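What follows is a short report on a single structure.
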C-alpha cells in the first residue's frame, strides 16, 4: 500500500516532530536580505582624487548635495583609498530608504560638483545587476551603426502653397485631420477609428497632436501623423503642454500603481497623481500628489465637493520655471529642467487663493535685470484686508501690492504681452445683500506699476477678455437673477478702449454698452480687432454677434478721443451652440454643438471673421473641433509693418487667386458634364451600330424604325419565311425540403 497520511500511526507523527525542529522564525529574524539591503545604496563616480587628509573635507562638501534629496550622514559615506593613500574618485553612499536612493540617482546624476567634476550616480543594485559575470562580453565588438533614416518634418503643414490651416475633428469613434477649404468640403489628411479614448489636444505651436488612452498619452506628428512619443500614465484624464512644447503635465484621479520592472516609471511615481515629463527624452522629471481645491457652498449635511486644481502646474513664459499652489498656504516654484525647488523652499503666503504667470517676459521701466512676473491674491483674514501682489521670479521680490476691502472673489487676467494685468474684484455691500464689480488694472511696464481703477460698473462682471496683442477689453455684466429662474438673465456687453494721449495709452474709457442681451461668452480673434460675443450652452438663445473694433467707416462723435471705432458687422444663429473657435490666422470662426453637452442637431458651421456663414456641417455624434495652432511668426516687427503697408497690393493677388480657384472649380464642373455627355454619345453610337448589324442580319430595312415607313411596309409573305420567337417563363409555385433518413 502506498504511504499516506491515513496510514501513519500516532507514534510516527511524534517521531517526525522530534526529528525536524522548526527554525523558520530564527531564519526570518537573522536572514540577510541582500536585495533589500542594497536598495538603499548608491555609487557616486566622477569625484576628485584627493589625499587622505582631504577626504573628510570632500565628504562634508559632498553631503550638502546628498542631503538635498534625502537623509544620509558622514558615517554612511564610504570613500575607498589606494596604496598611496589617495581616493579612487568614487564613493558608496547609504540612504535611509530605497526611495531616497532612487531620488538621488534621478536628481544628482549629471550634476556638476565643481567646474572640473560632474557626478555620475547609479544604484548599487544596478551595477551588480548589469555588471555581473556573463552580462558583458570580454571581447570588444564594435556597435552596429544603424542606417540613417530621415525623420518626418514635424512642421510640414506650414509649407502649404495656399497657406491653409488644418483642424482636428472628433466624431463618433473617429478622429480626422483636415485642410480648411473655406466654403468647399474640407480635404482629408488622415482619418482613424479609435484614435483616442477621451479627447484630442494640439500642442501650443501645433507640432504634436495628443491622444489620450487608459495606458497614457501619445503624441503624433509629421505629414502622415505617425507616432512620435508616448508617456505611460495609467488612466490619465488631463493633459497640459508647456508654452514652448518642451514639457508635458499629465493627471489622473487614480494614484499610480507602478509594477516592478516598468520600463519608464519608477517607485518614485508610485501613489502619485501628476507627472511632469520631458517631451524630447520621453522621461518623467518629477511626480506629485494632487491638491484638491475647496468646493462651493454645501447644502444640508452633504459632503463638501472637491474641485480639481487644473492646470495643477502653471508655466512661466520662457519655460524656466513652473509653479503650483497649495491653496491657503504657499506657492512652490520649481526650476527646469532639474525640477528643483527654487531657493529650496516654497513661498509661504497665508490664505493664497490663486496665482497667474505673465504670458510674456516683461521688461519694466527702470528694471534691467531678467525677471518673470507672477500675480497672486489673498482674501480678507481677520482684520487684514484682501491683497493682490506682483512677485518677481527668481528673486521672489514683491514689486507691487494692492489692498482690497469687502471682497467676495477675485480673478486675475493678464494681457497677452504682459503689458497689463486686470484684477476683477467682486465686492459685496456691508450688508452682504448686493454684489458689484470693479476693475483694478496694473500697468506693468510703466515705472512704479501704477494701478487704474474702473469703478463705473453697477452690476457683476461674469466674463472678461483682453484683446490679444492690444490694449482693449470686453466684459459682460448681469444683475442678480432670481433663484430658480428658468429664463436666462439679461446681460449687458461693454466695450472699453484707452484714450488717445501721446505715445503711452491713456486711461480706459467705456466705448459703448449693448444692453438687454443674453450673451455670456467672449471670443477675440487671435490677431485682435475682431471679437465674437455669443450665447453658448443655452436652451433658448443661440446668437453670435460679430464686432469690429476698428471699423473703417465714420466714427461716432462721442468716441473720437478713444482708440476704437465699434461696429456690429453681423449676427448669426447656430442652434445649440456650445463652442466657438477662431482659426490661428483670425480669418475664420467655427461654431459647434457637441454631443458632450447635448444630442440635438450636433455639428459645426464655419464663418468668416465678418460673420458670413460659408458652410454648415451637421455631423452625427459630433464631439470636438480643434484648429491646429501655428508657431509665432519669424518676421521681424519691421517686416510685419512692411507687409501691412503693402496689404492692398497683396489683396489684389489674393483676389486673383480666389477668382482663379473659382474658375478652376467651375471649369471642373463643366469638364465633368462634358465627359458624362461624351460617354453617353459614345454609348448611343455603339448601340446604333449594334442595332444596324442586327437589322442587316434579319433583313430589316434601315429605316424600319421610322413610324411612317413601318406603317406603309408590305406584310410579310409566307414564302419569305417566318421567325418564331419563343419565351419560356418558369415560376416556382411551391417548394418543400424533405430530409430522407
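The backbone N, Cα and C atoms fix where each Cβ goes, and this holds for glycine too.
Here is what Swiss-Prot says about this protein:
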- 1-10: compositional bias 'Polar residues' (COMPBIAS)
- 1-21: region 'Disordered' (REGION)
- 40-126: domain 'RRM' (DOMAIN)
- 193-230: repeat 'WD 1' (REPEAT)
- 232-289: repeat 'WD 2' (REPEAT)
- 303-344: repeat 'WD 3' (REPEAT)
- 514-557: repeat 'WD 4' (REPEAT)
- 572-610: repeat 'WD 5' (REPEAT)
- 696-723: region 'Disordered' (REGION)
### Task
Using a Cβ cut-off of under 8 Å, list the residues of the same chain at least 6 residues beyond the repeat 'WD 3' (303-344) that approach it.
68, 107, 111, 238, 240, 242-244, 246-247, 249, 251, 253, 274, 276, 278, 285-286, 288, 290-296, 350-361, 372, 374, 376, 393-394, 396, 418
### Message
Give me the DSSP three-state residue breakdown of the repeat 'WD 2' (232-289), ordered helix, strand, coil.
### Response
3 helix, 21 strand, 34 coil
### Task
Report the DSSP secondary-structure composition of the repeat 'WD 1' (193-230) as helix, strand and coil residue counts.
0 helix, 20 strand, 18 coil
### Task
Restricting attention to the repeat 'WD 3' (303-344), give the mean pLDDT.
90
#### Entry: DSSP-assigned states of the repeat 'WD 3' (303-344) in counts, ordered helix, strand, coil
3 helix, 19 strand, 20 coil
